[in-house]
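K.L.:
Pasting a structure below so you can have a look.
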Amino acid sequence: MLKKAKPAFSISVGIMLVLVLLGIILPEGLESVTETIQVFISDKFGWYYLILVTLFTIICLVFFNHTIRKNQIGRS
Amino acid sequence: MLSKLTPVFKISAGIMLILVIVGMIWPDWLEQLTTDVQAFIADTFGWYYLIVVTFFVIVCLVFLVTPLGKIRLGKPGEKPEFKRPTWIAMLFSAGMGIGLVFWGAAEPISHYAVSSPTLETGTEQAIKDAMRFTFFHWGIHAWAIYGIVALVLAYFNFRHDKKGLISATLHPIFGKSMDGNFGRLIDVLAVIATVIGVATTLGFGAVQINGGLSFLFDMPTNFWMQLIIIGIVTVLFMISAWTGLGKGIRILSNTNMILAVLLFGLMFIVGPTLFILNIFTNSIGTYVQNLPAMSFRIAPLDEELREWINGWTVFYWAWWIAWSPFVGIFIARVSKGRTIREFVLTVLILPSIIGFLWFSTFGGTAISLEHNGVDIISELATEEALFGVFSNFPLGMVASIVAMILIGTFFITSADSGTFVLGMMTTGGSHQPGQRIKLVWGALLSATALALLYTGGLQALENTMIVAALPFSIIMLLMTISFIKAIFQEGKELGIGEIETNKKLKKDD
């Protein structure tokens, strides 16, 4: 099983492992880093989240009332 | 050439000539007259403007959802002539150009600090209200006015092979009388609205170039400076019109777009970028939320608010209406081969969003400067506000000069295509109007702008526009009714509406 692991598997497991180890060894360091990044993102990209999510909503609503609405998701 | 002049040309050119001469000889009298008529119209017909414009918006939106929206503005199966990005760029430079540069910083700052739409100046709420109403004036209502004229013209011209004249679109309701004097009257009214709409915008352009020269180089702001500016630009656009629509105008249009994007990008980067994005996002929400209330807001019980609505909302609606035969003919020309739904979606929504970004950037920067006590933009004259904003940032001088060149090139392209459209309207819809006719219109456009500036400056321009828009708004209503009648008929013939039960209809049509 492990021999056949795809790069997507090994890389993401690796990253998560590093994160977990960091959290155990340097809990405070990790906390302050994530907090800083979080504050930065919600400050600078708040507008982006709002527009993006509303865009998804609009697209969903458009398909609600579109001729494509009869198309199934997946093969018919 | 001269022997073949149409009655529409002679009558409308005659009327404009008289207006120009009266303006030169009795400026005070003309100013008084236009002020009185304007006040009467805005007071008495303000409600009418609001209802009529919102009606156009609703008609456009209906075609977004009805199956009739699949009908093509052209022959079945015809492909669009221009690619989508080119198409949008052309919509934009024709539709608003000078106006965007003129009002970009000036309108939001005026709503915020000088005269508020909610009578609350200088507060945080005032910032939001200022942006919300600016969005309202430059949003889907403006584009629905252009859109409806363009839609009706394109539908009859490209799908039913009617002439590209306003009168030709009224055939379904008035029949043959459109080929006679009644039709000529309609075309004359459309020509006059166009001349005044274009001339007014040229007047704004001249005043703003003057404002820039005065702000940067301490040159005087007066009629004689504007006379020189209009004179120089007139010579330039006459050369461009004489050499034909081909190369000159295309090079200038592209230059316009590049300069506008540069100016926008510069302001966006050196200005308060995050504030701009936040105010943009927030104002979209308050705009959508308050759209119905703003669309019908006439303030029947409040004198002061009523004044504000007359001075801004009614003025803008009149401006867009007066501009609409010109822009409409142009937009129709470049939209051949699109489906109605695609047309409405692209003409209403995309330019509105680009406009919102533009106003958030220039207006947001102006407001942020003033709200944070860095500079007092609102003390400057309207035409100097933009230059005042630039002066607070690095590369301010470069930006100001680019802005003046931009207005100059917008001026030339607007006047050049204006002479073309007027030539077309007065030669029975010919796509190759004669050189002399174009030159006569070019001269009359500049002369009208000058005469109006001479009689009463910016205020005279705004007054005359509100007067000229009233008759054309009635023609627009008739055009819309005629269009609805014709397209429902066609829908019935094609069996659209029954599309879901019997699938006779091909996807294209």
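Including glycine, each Cβ sits where the backbone N, Cα and C put it.
According to TrEMBL, the feature transmembrane segment maps to B:7-26, B:46-66, B:87-106, B:135-156, B:185-211, B:223-245, B:257-280, B:314-332, B:344-369, B:389-415, B:436-454, B:466-488.
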K.L.:
Give the nonlocal contacts of the transmembrane segment (B:389-415) in its own chain as ranges (CB under 8 Å, at least six residues past its ends).
P.N.:
93-94, 97-98, 101-102, 105, 198, 201-202, 205-206, 208-209, 212-213, 215-216, 233-234, 236-237, 240-241, 249, 252-253, 255-256, 259-260, 262-263, 266-267, 270-271, 362, 365-366, 369, 374-375, 377, 442, 445-446
K.L.:
For the transmembrane segment (B:466-488) and the transmembrane segment (B:185-211), does the number of C-beta pairs under 8 Å, pairs 6 or more apart in sequence, reach 3 or more?
P.N.:
yes
K.L.:
I'd like to know if the transmembrane segment (B:135-156) touches the transmembrane segment (B:436-454) in this structure, counting it as a touch only when three or more C-beta pairs sit under 8 Å and are separated by 6 or more positions.
P.N.:
no
K.L.:
Might you confirm whether the transmembrane segment (B:46-66) is in contact with the transmembrane segment (B:135-156), defined here as three or more C-beta pairs under 8 A between residues 6 or more apart in sequence?
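P.N.:
These two stretches do touch.
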K.L.:
Among B:46-66, B:257-280, B:314-332, which stretch has the most Cβ pairs under 8 Å to the transmembrane segment (B:87-106)?
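P.N.:
Answer, by Cβ pair count: B:314-332.
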K.L.:
Using a Cβ-Cβ cut-off of under 8 Å, list the residues of the same chain that are 6+ residues beyond the ends of the transmembrane segment (B:257-280) and lie near it.
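P.N.:
For the transmembrane segment (B:257-280), the sequence-distant neighbours (Cβ-Cβ under 8 Å, at least 6 residues beyond its ends) are 89, 92-93, 100-101, 127, 131, 356-358, 360-362, 364-365, 367-368, 389-390, 393-395, 399, 402-403, 405-406, 409.
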